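Chemist: Here it is: the structure, laid out below.
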Amino acid sequence: MAALASTEEGLAGFLARHSRVLVLTGAGLSTASGIPGYRDKDGVRRGRTPIQGPEFRRSDAVRRRYWARSMVGWPTMSRAEPNAGHRAIAQLEANGHVASVITQNVDGLHQRAGSKRLIELHGNLHHVICLDCHARYSRASLQPQLERANPALASALAQPLPDGDAAVEPDALEDFHAPQCVACGGVLKPDVVFFGDNVPAERTTLALAEMEAADALLVVGSSLMVFSGYRFCRMAAAAGKPIAAINAGMTRADDLLSLKLELPAQEVLPRLVDLLSAPSA
């Protein structure tokens, strides 16, 4: 299906016509909160090669690289606030125009904005788990430990990258001390799905059930290049459920869309709230 040239009024009508709209969000929604996105407008990945889950578990050097970059990048992530797009999605849910939200983001901003029926498909960077004893920690609680153990890097300034990452010179990694579990001394990992890992089966089941129960899908801020997000568009299309998108650039599902706005989500979504709240909506 070719995507139609769309207007905000057309998208408001899309939401008004369907009683169980599932919203799927990606990194493009959070760029207005100061968190860089992964891809350019053509869907091409920018920057570093992402850490692979199996490498993280196997290699002490990879873990040092991850935690060093995380330590420097954490202040940007921890200061990020929900933007107008996050708040509008929560308001659309509260007003009955959105049934549930599945996010590919790991920044926790939907929850802070007030979304209630939310599935964080790839986890949440604000939580850390021990791979050995399964103890859980808040990411914020680890930052002082990291800074005390690595004072030379603690004050470093670096370019922020997606998901709380930052560019760090390779020489700084040799003597870096990664955090350890205070309960057992084991390996700590952010509670997120790394590349090369699978979304937990229980979470996948819940997300697929939301898509099955929905009567329409709205994609916000995602190029859908990762299959764990694109699969929801394939499911919707196979079931004859209409798909709309708000994304500043191409998406992998462009040929499946019935509506698309190539505008910033933080501008479009609040206007949808207003249009749907108007007496004629």
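Yeah, the Cβs are placed from backbone N, Cα and C, and that goes for glycine too.
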Chemist: Out of ALA88, ALA207, ALA265, which is the one TrEMBL records at the NAD(+) site of GLN104, ASN105, VAL106, ASP107, GLY221, SER222, SER223, ASN247, ALA248, GLY249?
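Modeler: For NAD(+), TrEMBL names GLN104, ASN105, VAL106, ASP107, GLY221, SER222, SER223, ASN247, ALA248, GLY249; of ALA88, ALA207, ALA265, the listed one is ALA265.
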Chemist: If I restrict to non-local contacts, at least six residues apart, and a C-beta distance under 8 angstroms, what lies near ALA265 (NAD(+) binding site) in its own chain?
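Modeler: Long-range Cβ contacts: GLY28, LEU29, ALA32, GLY85, VAL220, GLY221, ILE246, ASN247.
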Chemist: Which one is closest to SER223 (NAD(+) binding site) in space, judged by CA to CA distance, out of the recorded positions HIS122, CYS130, CYS133, CYS181, CYS184?
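Modeler: Nearest in space to SER223 (NAD(+) binding site), counting only the recorded positions, is HIS122.
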Chemist: Count the other Cβ atoms sitting within 10 Å of the Cβ of HIS122 (active site, proton acceptor), across every protein chain shown.
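Modeler: Around HIS122 (active site, proton acceptor), other Cβ atoms within 10 Å: 21.
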Chemist: Need the DSSP three-state call for GLY221 (NAD(+) binding site) to compare against my parser.
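Modeler: Once the DSSP labels are grouped into three classes, GLY221 (NAD(+) binding site) ends up as coil.
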